[in-house]
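First the structure, in the form of structure tokens, and then the observations on it.
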Amino acid sequence: MGWKAAEKLIRHWKIVRGDNVMITRGKDKGESGLVKRVVRSQNRIIIEGKNLVKKHIKQGQGHEGGIFTVEAPLHVSNVQILDPVTGKPCKIGTKYLEDGTKVRVSRGIGSSGSIIPRPEILKIRTTPRPTVAGPKDTPIDVVLEKTYDAKRGVGMPDL
């Protein structure tokens with residue numbers, strides 16, 4: 001990617017995986033669905049069961065070839081998030097509640113101004129954390145070893 005394309009990347013994403021969005025442009029205009037995946041390096045999102053295209057896949061080791069129907073990515077500017085109260089597409093803003101938590105709110109003409117909750121699917125990791133220590137992991141007893149005593153100044157390297 002060149003520097004001109006990198007300048008156009010969205011820095012602060014408002015649409016996340018699991019959001020309910022409506023397609024505003026393209027062949028599936030007016031249809032709504034859940035965001036399956038967000039491709040931030042291309043400013044695109046994939047919506048479950050929408051923007052289907054035929055893909056020719058060559059046969060290889062371990063899989064068959066043929067013509068498959070897959071979901072193609074849509075540019076993020078061609079979708080809008082749905083207002084949870086009215087069910088209509090709206091813009092997204094952010095506000096801080098009294099307790100200091102940052103929330104997303106619906107804004108724009110005809111929107112309710114209600115809070116748009118973060119999807120529960122975001123709490124589930126797409127790639128699970130490893131449970132077994134690998135060869136490059138530091139052992140737990142070395143991690144917990146106390147190497148510096150603040151009161152006596154023992155363990156401080158000579159600078």
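Placement of Cβ uses the backbone N, Cα and C atoms for every residue, glycine included.
Taken from TrEMBL, the feature domain 'KOW' covers 14-41.
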(request) Could you give the residue numbers and ranges of same-chain residues that sit at least 6 residues beyond the domain 'KOW' (14-41) on either side and whose C-beta is under 8 angstroms from one of its C-beta atoms? (result) 1, 47-51, 71, 73-74, 76, 78-82, 89, 92, 104, 116, 118-122
(message) Could you give me three numbers for the domain 'KOW' (14-41), the DSSP helix, strand and coil residue counts?
(response) 0 helix, 12 strand, 16 coil
